[in-house]
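What follows is one structure encoded as C-alpha cells, with my remarks underneath.
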C-alpha cells in the first residue's frame, strides 16, 4: 500500500477506534450514574474548547464573512447535528447496548440517501444498476434495523472474557440491576438519532456551498450546541451533584467524547475526505461495530444474541449495497462526461475540417494553389 493510501487508512481506523472508546466509556459513565443529557452538554463544551484553536489557526485568513444567513444555517446544523443527534443517541445508548447502538448507526448512509433523494440532492436512477443497488441496500438496512430492535433470539455461546477488570464488572452489575435498559426504546431513539444526523448532512451540504470553512462551522455548531444541550440538561436536572466531574470516570468520558469523538474525529475525517472523498470515509463505519462488539464482550461482559448478529449482518450488507451503488453512480457519471467530451471533440474536429474545405483557393506565382483567409 502506497504512503498516500496508508495515511488516510490509518486515520480512519483511528477514528473508528476512537468512536468505539467513546461508546464504551460513555456507557460505563451512564451505568455509574451520570445522566446522558449532562454528558452530552459536557461533550459539546469540551468539543468547543478543542475546536477553537484549530479553526482559529487554520481558517483565520481564508474564512468567509459570517452573515446572518450563515448563523441561521449553523443554528439548524446545531439542532440536528449536535443537540438532536447526540441527545437521542446517548439516551438510546443508556437504554440499549454499545453493540446495538453502533449497529444501528450504520443506518446513516441509507437514511442520508433517502433524505437526499427527497430534497433532490441525490438522484435515484432506478433503471440503472447503481440506483437499484442504493434502493435495495436501503431496504436491507431497514430490515436489519428492525431485526436488531425487535428480535433477540438465543445467546451466542462464545465463552466469557478473561480480561475484564473488576471496576467495569461492578459498574455493569450495578447498571443491570437498576433497570435502566429498555431494549425497545433504546434502538428507536438511536434510529431517530440517525435521522437527525442525516438531516445535518443535508443542511451542512447546502451551507458549505456558500461557507467553505468546515472547522469554523463546526466551532459555531458546537458552541450553539453547548448552549442548547446545557439548557436542556439544566431544565431536566439542576442538582449540583449530578453535574460534578469529581469522579475520574465521568471526567474522562466527557473529555474523551468532546476532544476525541468530536474535535479530533471531525478533523481526521475532513482531512481524509479531501484526499479520498466521502465514500472512502463511509466505508469504515462497519469497523466500529466490530471493535465495539469485541470491547463490549471483553470489558463489559456483554452477551451477543442471534438477533444482534443477524441484524448487524443485514445492516452491514445493506450499507455496502448503498455504498457500491454510490460508487457505481460516480463511475457512470465520469463515463458520461468522458463520452460527452469525446463527442464535443469529434464535432469540433469535423467543424474545423468543414470550415477548411470551404475556404477559397488562390493560385500562387509558381502555379501551386494556397488557401486564403476570408
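Note that Cβ sites are derived from N, Cα and C of the backbone, with glycine treated the same way.
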Looking at the candidate ranges 251-271, 335-355, report the one that Swiss-Prot labels transmembrane segment.
251-271
Under Swiss-Prot, the annotation region 'Disordered' belongs to which of these stretches: 285-329, 330-374?
330-374
Is the count of Cβ pairs under 8 Å between the transmembrane segment (99-119) and the transmembrane segment (37-57), pairs 6 or more apart in sequence, 3 or more?
no
With contact taken as 3 or more Cβ pairs under 8 angstroms (pairs 6 or more apart in sequence), are the transmembrane segment (139-159) and the transmembrane segment (304-324) in contact?
yes
